Amino acid sequence: MPAIALVGAQWGDEGKGKATDLVGDRVDYVVRYQGGNNAGHTVVIGDQEYALHLLPSGILTPGVIPVIANGVVIDPAVLFEELDALTARGVDVSRLLISANAHLIMPYHRALDKVSERFLGKGRIGTTGRGIGPTYADKTARAGVRVQDMFDPKILRKKLELALNDKNQILTKVYNRRALEVDRILDEYLGYAEKIRPYVVDTSLVLNRALDEGKTVFLEGSQGTLLDIDHGTYPFVTSSSPTAGGACSGSGIGPTRITKVIGILKAYTTRVGSGPFPTELEDEWGEWLRSRGHEYGTTTGRNRRCGWFDAPIARYATRINGITDFFLTKLDVLSGLERIPVCVAYDIDGVRHDEIPMTQTEFHHATPIYEYLDGWNEDISQARSFDDLPKNAQAYVRAIEEMSGAPISAIGVGPGREQTLELRPLV
């Protein structure tokens, strides 16, 4: 059976948790393959809302095996906080599997992330301050601490001593902060070791064997394509690869095993943090979208920047990921608009660009070129088929589909599990 990748097609917060929840009972494994607790998934089941930051959304579906794979960076304190919270609400968390090769977020990563962002002032990137970037930096520099290192106190102490020789110099001499102690961190993480041990396996081996046995593996990305370290709006990006390519390296599954790539698109556009955003609305319409769509970060609580749908970005995501199907979310938010602007291209210094420009300088100066589609007044939150939608809502979906370069196979018309129109099977 296939592996299926789920990717955000914008700047994150597109509704990936809703998509995972929709297909959760049709798959056998749900895998987080990158990022950490710097992103949030919100899943609504009946009258219960669950906000997950690190755990795969599939942990909420009985019988599904949730996996935190090698490409994820783990803050053990956050991990056990989420596990304990779900256990208290009656969720079985014993099925969770964690890669021995996943890297750990250490106290010095969080400390450096926070002070360096403040030090940058107006040049800040907009990090969540949770240590994600410094952890990936150490991973790339071959100086990171992995889950498996917690099981050998000698190796863990040696790695901590080497790390703090460097990190404490930066904390004390550059940022005038207090030095961190090896023994205190060692004791804390050795305590985590015994709690995490029952979950730790070779996740790549488990997932590939599952595929060999005909099981379905669902690879759940966090953030979005435009936040990818290689393909995003650099440097205003995350430190990992939330694209379909990242799903392979972050899970240990080969590219030929992924047979479908589902891109999640919001019916408008949002972004958290700094960086270019051509369709951003800094007026009453931006506040209208924010209020209607409840656009506040699951992880940070920060206001999301809001704007109209950006077709060049959607086409870019299709190209970068090889998207085969789109899931369009939050269509219901647009109800009540007489006309809906859609960005179809950019004007840069008087020249039309139908695709995302090559340089960030050009992207910063891009002005959206809009086409206007007729809106609708009806409440569509009770729609249960495409034919239930008003004609203008149907036309909006078809226009977005044509502009984005891949079929829209599902539509979200509200936050609930049942508020989804599946035009063709996603799994």
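Any Cβ shown, glycine's included, is placed from N, Cα and C.
Straight from Swiss-Prot, the features:
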- Asp13: active site, proton acceptor (ACT_SITE)
- His41: active site, proton donor (ACT_SITE)
- 12-18, 40-42, Arg304, 330-332, 412-414: GTP binding site (BINDING)
- Asp13, Gly40: Mg(2+) binding site (BINDING)
- Asp13, Glu14, Gly15, Lys16, Asn38, Ala39, Gly40, His41, Thr128, Arg142, Gln223, Thr238, Arg302: IMP binding site (BINDING)
- Thr298, Thr299, Thr300, Gly301, Arg302, Asn303, Arg304: substrate binding site (BINDING)
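Annotation for the binding-site residues Asn38, Thr42, Gln223, Asn303: lowest Cβ count within 10 Å of the residue's own Cβ, Asn303.
Comparing Cβ neighbour counts within 10 Å across the binding-site residues Gly12, Gly15, Gly301, the minimum falls on Gly301. Of all the recorded positions listed here (Asn38, His41, Gly301, Arg304), His41 has the Cα closest to the Cα of Lys18 (GTP binding site).
For Val413 (GTP binding site), the same-chain residues that are 6 or more apart in sequence and have a Cβ closer than 8 Å to its Cβ are Leu331, Asp332, Ile380, Ser381, Gln382, Ala383, Leu389, Gln419, Thr420, Leu421. In three-state terms derived from DSSP, Lys18 (GTP binding site) belongs to a helical segment. Candidates Gly15, Thr42, Gln223 (binding-site residues) were compared with Arg304 (substrate binding site); none lies inside 10 Å Cα-Cα. With respect to Cβ neighbours within 10 Å, the recorded positions Lys18, His41, Arg302, Arg304 differ, and Arg302 shows the lowest count. Measuring Cα to Cα from Gly12 (GTP binding site), the binding-site residues that fall within 10 Å are Gln223, out of Asn38, Gln223, Arg302, Asn303. Asn303 (substrate binding site) sits 16 Å from His41 (active site, proton donor), taking the Cα positions as reference.
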